[in-house]
Amino acid sequence: MIGDFEIKDEDLAGRIGILETKHGKLETPAFFPVINPVKNEITIQDILSVGFESIITNAFLIKKYIGKEEDLHSILNYNKILMTDSGAYQILQYGDIDVSNVDIVNYETKLKPDIAVILDIPTGLTEDKKEAEKSVESTISRAKEASKFVELSKDEIIWVHPIQGGMYLDLIEYSARIADMNQDYKMLALGSPTVLMQRYEYAPLIDMIYKSKSNVSRGKPFHLFGGGHPHIFAFAVALGVDTFDSASYILYARDHRYMTRERVYRLEELDYFPCSCPICSRYSPKDVMEMPEEQKVRLIALHNLYVIKEEINYIKQSLKEGRLFEYIQQKAYSHPSTFEAFRRILNYSKYLEKYDPRVKGEVKGVFLFDNSSLHRPEVIRHAYTLSKIKQRSKALVLYCSDSKDNPLKNTEDMKNADVYIVLPFYGCVPYNVFFTYPYFQSEMPSTIDKDVIYDLKNKLKEFLSQRSYETVSIIGCEKILHVDSIRGAPVNLLLNKL
């Protein structure tokens with residue numbers, strides 16, 4: 001059925017899903033390149049050649065400059081997935097447009113896109129909360145106003161309910177809850193983040209995405225308007241964003257800005273292209289610089305599209321392998337703004353753990369690096385698991401080991417005692433589960449970060465204080481904890497050493 005969304009794979013709060021549309025199945029995460037119906041610097045055929053199977057265009061501009069009231073697929077000579085925006089971006093840019101919500105929604109029903117957006121009122125980055133509240137209420141009102149058109153076209157079009165609120169997280173929460181309750185709309189979208197992304201202000205964007213996603217149904221696909229920089233895709237996907245749209249690829253190209261997955265260069269800065277796409281394999285930066293302006297813009301735009309496509313594919317592969325946390329950890333160090341985004345997303349580690357699958361198909365290694373790895377779902381989940389394990393003996397044996405071989409050779413230590421392995425990042429791991437996932441599959445540096453050691457000592461203190469052991473033995477922990485081995489000692493002796 002049109003609008004059905006099936007989740008195929010999950011990692012953190014991200015997912016690979018299949019959205020059913022009239023013109024085929026859309027696999028998410030997915031990017032919708034913005035097509036300008038008036039300018040043809042990049043053709044739809046160019047976009048298809050890069051590998052995209054979904055585009056977005058502006059119904060307001062179609063109405064204003066083309067005016068045809070017929071199937072937009074025919075107008076554009078395009079038979080794949082098509083989304084229409086309504087003119088809200090023009091409101092954000094120019095303050096108002098000469099068309100009503102009812103007019104544009106009615107026009108969209110005649111264009112018959114696969115996915116369509118009502119004419120909402122963007123909040124933008126206004127500092128006037130009254131204005132922000134007005135934009136939220138107006139958007140909610142317009143969604144209700146459009147319901148009769150939505151109902152009549154629901155078998156052909158997936159309608160999107162925008163979420164507004166700008167920088168006011170309480171308004172975003174309210175807007176998200178109301179949007180989610182309106183069952184006429186099968187897709188949701190966060191509006192107004194474009195300016196933040198243009199400024200590389202990713203940390204507040206993380207807050208906005210979290211606040212909206214944590215207050216809507218998991219089963220509805222979620223769109224991020226204006227999400228066009230490879231910098232931010234992985235962080236947004238980790239929080240549960242499914243689709244993006246942007247004209248960034250062409251806007252950057254007009255300014256001779258060359259995207260990579262880590263940063264943006266100006267063409268004149270480059271002696272070599274750090275890319276092997278068909279454009280960069282054929283030309284050098286000098287070649288492109290010497291081309292006529294129109295050709296130069298076209299080639300940079302095509303390259304930018306290849307980079308966006310590559311990033312989306314890399315995110316999907318990381319998600320499929322259960323390595324999305326490691327990937328955003330890696331992305332964090334590509335730019336100070338992504339580092340801020342990563343630090344901000346760690347504030348929501350419990351939310352990420354909530355949706356992260358406990359077990360995936362093929363077991364992969366768990367790579368642990370520094371104190372940021374303490375926020376991984378596997379590590380957070382261990383604390384809950386440990387709290388459920390009951391004390392069975394009066395004696396406790398703690399063992400530190402750098403080896404994945406059997407860490408306890410001396411079975412005498414194990415008699416009549418509860419036995420735990422002291423494992424950096426996790427804390428105390430029951431011996432009988434040490435050889436299971438994720439503990440045995442965890443890979444970590446031979447020299448452990450001092451913040452991780454500090455955390456490990458605190459976890460050990462907490463573990464000891466929550467139980468009533470009479471004696472404790474600690475073995476082989478000189479290197480990790482800087483504590484000499486002791487056997488059968490009072491618990492307070494170890495606590496004093498920690």
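Numbering starts at 1 and runs along the chain as it is shown here.
From the backbone N, Cα and C atoms, a Cβ is placed for every residue, glycine too.
Look at Swiss-Prot and you will find ASP85 tagged as active site, nucleophile. In sequence order, ILE56, THR57, ASN58, ALA59, PHE60, VAL117, PHE225, ASP245 are the residues near ASP85 (active site, nucleophile), counting only same-chain partners six or more apart with C-beta under 8 A.
The substrate binding site annotation in Swiss-Prot covers ASP120. Taken residue by residue with DSSP, ASP120 (substrate binding site) is part of neither helix nor strand, so it is coil. For ASP120 (substrate binding site), the count of additional Cβ atoms within 10 Å of its Cβ stands at 30 [all protein chains shown].
Among the features that Swiss-Prot reports, Zn(2+) binding site is placed at CYS275, CYS277, CYS280, with the record citing sequence analysis. Shown in sequence order, PHE273, PRO274, HIS303 are the residues of the chain, 6+ apart in sequence, with a C-beta less than 8 angstroms from the C-beta of CYS280 (Zn(2+) binding site).
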Task: Residue pair CYS275 (Zn(2+) binding site), ASP120 (substrate binding site) - Cα distance, angstrom, rounded - done: 39
TODO: Starting from the Cβ centroid of CYS275, CYS277, CYS280, which together make up the recorded Zn(2+) site, report each further residue of the same chain whose Cβ lies within 8 Å of that point, ordered by sequence.
DONE: PHE273, PRO274, SER276, PRO278, ILE279, SER281, HIS303, TYR306, VAL307
Open item on the list: Roughly how many Å lie between the Cα atoms of ASP120 (substrate binding site) and CYS277 (Zn(2+) binding site), rounded to a whole value?
Closed with: 38
